[in-house]
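Visitor: My questions will all concern the structure given below.
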Amino acid sequence: MKREHQETEAGGGGGYHVATAGDMTGAKGKMTAGPSMGTEDDDCGVDELLAALGYKVRSSEMADVAQKLEQLEVAMASTAAAASDDASVLPQIASDTVHYDPSDLATWLDSMLSELNAPPPPLPPPPPVAASVHHHHHRFDVSTASAVSEPPAITTVAPLRPSDAYDFKPVPAPAAASGGRVVYGLDPQSEMIVSPRDQKRKRTCSPSSSSSRGAEAGRARGSRTEGASSAKPAAAVPVVVVDTQESGIRLVHALMACAEAVQQENLKAADALVKHISVLAASQDGPMRKVAGYFAAAIARRIYRRRPLSQVDRALDSPALDDLLHGHFYESCPYLKFAHFTANQAILEAFSSCRRVHVIDFGMRQGLQWPALLQALALRPEGPPSLRLTGIGPPQSDHSDALQQVGWKLAMLAKSIGVDFRYRGFVASSLADLESRMLLERDGNEGDRDDEGEEEAVAVNSVMELHRLLARTGALEKVLRMVLAVRPRIVTVVEEEANHNGGTFLDRFTEALHYYSSMFDSLEGSGGQAAEAGEEEQQQHRAMAEAYLGRQICNVVACEGAERTERHETLGQWRGRMARAGFEPAHLGSNAFKQASMLLALYAGGDGFRVEETDGCLTLGWHTRPLIATSAWRVSAAATR
C-alpha cells in the first residue's frame, strides 16, 4: 500500500520521514511495492519497503542517508538557535529554499544541507610536509564502529566531487584527545565534545590546537588530491558521527513515543515516528536493530492493516508455518528443550511404579517432547509401563492429518525400545472445544483398570498453550475444569515469564519491548549445539527462530480482541489462576534442576543463561531476566471432596 509523503514541522529534527527498513526475515509479511518510480535502471537496488511508501533510496545508501539525516538535525538545531538572535533568518531560508521531490531522499538531503550550512571561511593553506611523513586514512562506518580500537577524532575533509562529499575518512586522533571528540569544519576555532548521554556542547580551543587541526585537514586534503598542490581550499562539509549507544537510547525513546501515539489514536504522529524509527535503527547492529524492525513493522501493521485479511496474511498465519518456525526455535536455543526436560522429569517422577500411564498433551505439534520420555520409561528398573498418549493440535490449512503422522513415528520408536504404546490424536481449533469424556475414552475393550485393579495414572501437559485461552472469556476456566475432571496425578505448565496481557496498549508494548529484547539478545549469545549442526545450519535456525518471535511480537502489538492470542502472564498470575481452579503446587525436584543445568552446558557453555528455583518452580532466563517458567500442579485436597 503506497502512502503520500506527509510534511511536518521542522522543529526537533522532525522535518524528514523514512519508511520502515528494519530487518525482516523468515515468515514476516512484507508490504506490496507501489508503482515503479523512474526507469528500470534507476530502480535497480532500490529498497522495496521504502519504495512502497514513495521513497526512492538504494539499499546501499541506507547508512549514508541515516548519516545525512543526523547532519540535517544538527544543522536545523543550529539554525533555530541563530533564529532566536535574528528573527529574519528562518523567513529568509524559507523564501530562498527550493524544495525538491522528497521521494529522492539522497538528493533532497544534499540540497537541505547545502542551504542550511553557510560556507565557512577558507582554511589556511597547508604547511610544507616532510617527505618522510606518512598519512593513514581509516574509513569510519557507523554500523561497524565497535571494530575501531580507539575512538578517533574526526577532522573535516574537503570534498572534491559529490560522491566524496560524505565519504568519511577520519585522521587518527592525537594521544591527548579524549574519546568521543568530534571536530567540525564550520569553525576552525571551536570543537564539539560528544557526551554519551547528553547533547553536544561547544568548547573554545587554543589557537595552537586549531592550527594543528587545520594542518591535519590540509594534509588529508592533499593526500586525496593526489599531488594537486595548487588546488584552492574548498568549503568544508560538517561531519557528524553517530554514537550507536546514544542512537540506541533515542531509538527506544522513539519506539515508546510511537506506542504512546498509537494509544492516543494519533495515527499521523505514529506514522511519522514509524518512519523515523527505521532511520535510527539503521545505525544499530545486532539484536537491537532486529527487535526495532519487528516492532516498527508490527506498529505499521496495526496502523495500516486492511480488512478483511488478504490471502497472503492467511498463509502466514497458518498452523503449518507456525509448526515449522517452532521447530527451528527448538533447535536454535534452549528454551523449549528446558520446557520439555523439566516437564518430563516431573511426569516421570509422578508415574513412579505405575504400570498404566496416560499423558494428555495440549500442544502436540511435532511431538518433540515425547521421544525422551519414551526412552526414560524404557529404562525403568521395574520395566516400562503401558503408555497411552493423547495429542491435541489445530486443524491444518491443507486438511492433512499431521497428528496421525506424528503418532505413527512415535509408535515406531516405542516398538523399537520395547514400550507398549497407544496413541490418539484430536484436532481442535481451541482447547475449550474439548470435553473430559473425550480425553478419557478408550479403544475397544480396554477398561479403566488392569487385571490387578490398578487405575490408569494420568498426566496433563501444556507447553505455552494456556495463555492463548485468555483471548476468549471463560475459556481458560472451562479447560481447567475439564482437567480437574480427569483427576490427573500431575499437571505440568510451561509459560513465558512476561505480562503481555496488561490493561493498556502502552503497558503491553513496554513489557514486550523489554522481554523480546532479552530474547533476541540470548539468540545471538547462544552458540547452539555445534556438535550436532554446522555454523551455516545454526544461522538458518537462528533466522527462522527470529521470525518465530517476530510473529509473536506482531500478535502482541498489532492485534486486539480475540485475534490477540499471545496473552502471556507471569508465574505469579498463573499461581493465582491455578489455585482458584482447585490445584495446588507440586514442587519440582532437584533432578529437574540438574537436567536443566546439564542442558545449558550445550549452548555456548551456558554463559548468560540462568536457571533459578522459585517456590518449587523453575525459571530459565538470560542474565538477570527470567524468560520462561515451568511449574507442576496436582489436584488440591479441597477439590477432591
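Here the Cβ of each residue, glycine as well, is placed from N, Cα and C on the backbone.
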Visitor: I'm validating the feature mapping. Which of 75-107, 339-371, 405-437 is tagged region 'Leucine repeat II (LRII)' in TrEMBL?
Guide: 405-437
Visitor: Under TrEMBL, the annotation region 'Disordered' belongs to which of these stretches: 118-148, 521-551?
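Guide: Based on what TrEMBL states, region 'Disordered' spans 118-148.
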Visitor: State the residue range annotated as motif 'LXXLL motif' by TrEMBL; the candidates are 276-280, 466-470, 626-630.
Guide: 466-470
Visitor: Would you report the average pLDDT that the model assigns to the region 'SAW' (558-634)?
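Guide: Average per-residue pLDDT within the region 'SAW' (558-634): 91.
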Visitor: Apart from its near flanks, which chain residues at least 6 from the ends of the motif 'VHIID' (357-361) lie with a Cβ under 8 angstroms of it?
Guide: 347, 351, 369-370, 373, 377, 385-392, 439, 456-461, 486, 488
Visitor: Would you kindly list the residues that approach the motif 'LXXLL motif' (466-470) from elsewhere in its chain, counting only those six or more residues past its ends and only Cβ-Cβ distances under 8 Å?
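Guide: The answer is 362, 430-432, 476, 479, 493, 495-496, 501, 565-569, 574.
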Visitor: Given a Cβ distance threshold of under 8 angstroms, which distant residues of the chain, six or more beyond its ends, lie next to the region 'Leucine repeat II (LRII)' (405-437)?
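Guide: That would be 362, 364-367, 370-371, 374-375, 377-378, 384-395, 443, 465, 468-469, 472, 475, 478-479, 482-483, 485-486.
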Visitor: Give the residue counts of the motif 'LXXLL motif' (466-470) per reduced DSSP state, in the order helix, strand, coil.
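Guide: Tallying H, G and I as helix, E and B as strand, the rest coil: 5 helix, 0 strand, 0 coil.
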Visitor: According to DSSP, how is the motif 'VHIID' (357-361) divided among helix, strand and coil residues?
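Guide: Its residues fall into 0 helix, 5 strand, 0 coil.
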